[in-house]
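**Q** Let me give you the structure first, and then I'll get to my questions.
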Amino acid sequence: MNSAVEAELAELGIEGYLSQHQHKSMLRFLTCGSVDDGKSTLIGRLLHDTKQIYEDQLAAVHSDSQRVGTTGEKPDLALLVDGLQAEREQGITIDVAYRYFSTQKRKFIIADTPGHEQYTRNMATGASTCDLAVILIDARKGVLDQTRRHSFISNLLGLKHFIVAVNKMDLVDYSQDRFEEIRDQYLEFAENLEGETNIQILPVSALEGINVAAPSKELAWFEGPSLLEVLENVDIDQKRSAGEFRFPVQYVNRPNLDFRGFAGTVASGRVSVGDEIKALPSGKTSKVARIVTFDGDLESAQAGLAVTLTLEDEIDISRGDLIVLENAQIESTNHVLADIVWMTEQPLQPGKAYDIKIAGKKTVGQVETVRHQYDINNLSTHAVDELPLNGIGLCEWSLNETVALDKYRESADTGGFIVIDRLTNVTVGAGLIRDRLDSVEQQVGNFSAFELEFNALVRKHFPHWDAKDLSQLLKS
């Protein structure tokens with residue numbers, strides 16, 4: 001058992017220990033930055049210095065460090081996070097790795113994201129559920145393209161808190177001049193980020209544990225807090241709980257003739273028994289009769305809670321519909337302006353049909369035009385006809401049906417979507433709705449004769465690929 005946990009259990013008892021941890025606030029954050037900036041090592045150091053590592057884990061790290069470590073005689077703490085064989089052999093992060101730890105003040109969920117450009121989609125996935133970004137910069141290299149890319153994506157995804165950790169200060173002799181040079185370089189770039197962003201910049205050495213969990217004499221010139229102190233005290237606003245009520249229906253629950261409920265997770269806001277609601281896109285209204293959970297009925301439910309709602313009236317609601325309060329100000333449209341993060345080698349092409357998934361709703365859409373692509377180096381824009389792999393651009397989308405939507409910065413769950421290739425069923429992009437546009441009459445989903453014939457051949461000779469029947473998609 002972890003010695004710190006054992007000591008707490010001895011002092012508080014099991015019930016006291018569980019009660020203490022249950023009432024702590026939760027912070028989700030990600031580590032990002034360029035390749036080899038020390039993201040995994042930093043997380044390993046946080047786990048180690050907060051005594052969150054079990055003795056057998058530490059012994060395994062010491063053993064593995066002799067075989068695949070990159071830190072010489074010292075234990076390679078990055079191995080606590082990089083679990084895939086390919087990651088350990090190459091000394092890089094590929095997949096998003098999640099780790100959990102807690103201190104006396106707070107509980108934490110960390111997403112360790114890859115730094116390589118080809119894994120940008122993994123980084124965007126990790127950032128989409130976080131409240132804060134820890135952006136690492138190698139003190140020897142300064143601000144790089146991936147530093148800017150990850151900062152821009154984090155800002156695009158609505159993160160308002162950035163901690164910029166200038167790592168590997170031990171390799172520049174803890175130079176104050178070098179730290180201030182990098183600080184000024186990053187702040188100049190960050191001036192072009194959208195919205196109000198709280199940025200704190202601090203020097204650290206993840207390998208040596210300098211200024212990670214506690215201040216250090218090596219950085220006596222730095223008067224700011226340690227990384228852990230910032231994480232413990234940063235004030236994260238509870239925007240999801242404070243927003244308007246949104247409930248995307250994931251499943252219509254009808255176990256018998258006497259019960260019909262609508263299951264899903266409250267995306268934002270709060271709902272109570274007796275509240276007047278309306279279902280979108282139909283606009284039909286009713287009242288909440290019950291809020292059902294496995295543990296019994298509730299009087300109210302807030303953001304993040306998975307519940308089943310039953311209504312006083314039998315109105316038509318299906319998977320993908322959105323339940324909101326009757327007086328909610330939300331518009332339905334089939335025409336949106338959205339920022340797109342493109343994640344596949346085949347470029348995003350205007351006019352090509354894609355499956356679009358927004359919360360529980362699945363529809364078909366196509367890009368009418370790519371207005372521009374962002375240049376991550378200076379956040380300027382330039383005109384393009386297509387969006388390439390890892391490109392980020394602003395696009396006009398038309399959908400084949402009217403959908404109730406929010407802007408992404410108002411509600412991530414009902415303002416964000418994923419783009420799915422209709423042939424391979426692979427997620428090829430992520431979209432963040434910037435604005436709703438006037439609805440248009442647009443027919444999407446038409447395929448050429450060659451595409452239909454090729455699809456038929458694939459389904460006949462490669463049935464294990466589970467390719468969709470395009471002729472059926474045209475009828476839907």
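Glycine residues also receive a Cβ, built from the backbone N, Cα and C atoms like all the rest.
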**Q** Looking at 41-45, 51-55, 91-95, 286-290, which one is region 'G2' according to Swiss-Prot?
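**A** In Swiss-Prot, residues 91-95 carry the label region 'G2'.
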**Q** Other than its own, how many Cβ atoms are within 10 Å of the Cβ belonging to Gly33 (GTP binding site)?
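**A** Cβ-Cβ neighbours of Gly33 (GTP binding site) within 10 Å number 28.
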**Q** Give the number of CB atoms, excluding that of Met169 (GTP binding site) itself, located within 10 Å of its CB.
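**A** Result for Met169 (GTP binding site): 28 other Cβ atoms within 10 Å.
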**Q** Counting Cβ atoms within 10 Å of each candidate's own Cβ, which of the binding-site residues Asp36, Lys39, Thr113 comes out highest?
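**A** Counting every other Cβ within 10 Å of each candidate, the maximum falls on Lys39.
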**Q** Residue counts in helix (H, G, I), strand (E, B) and coil for the region 'G1' (33-40), per DSSP?
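**A** Tallying H, G and I as helix, E and B as strand, the rest coil: 2 helix, 1 strand, 5 coil.
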**Q** For the region 'G4' (167-170), find every same-chain residue at least 6 residues outside the stretch whose CB is under 8 Å from a CB in it, and list them.
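**A** Sequence-remote neighbours of the region 'G4' (167-170) are 37-38, 42, 136-140, 179, 203-208, 210-211, 218-219.
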**Q** Is Met169 (GTP binding site) helix, strand or coil when read with DSSP?
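**A** It is helical.
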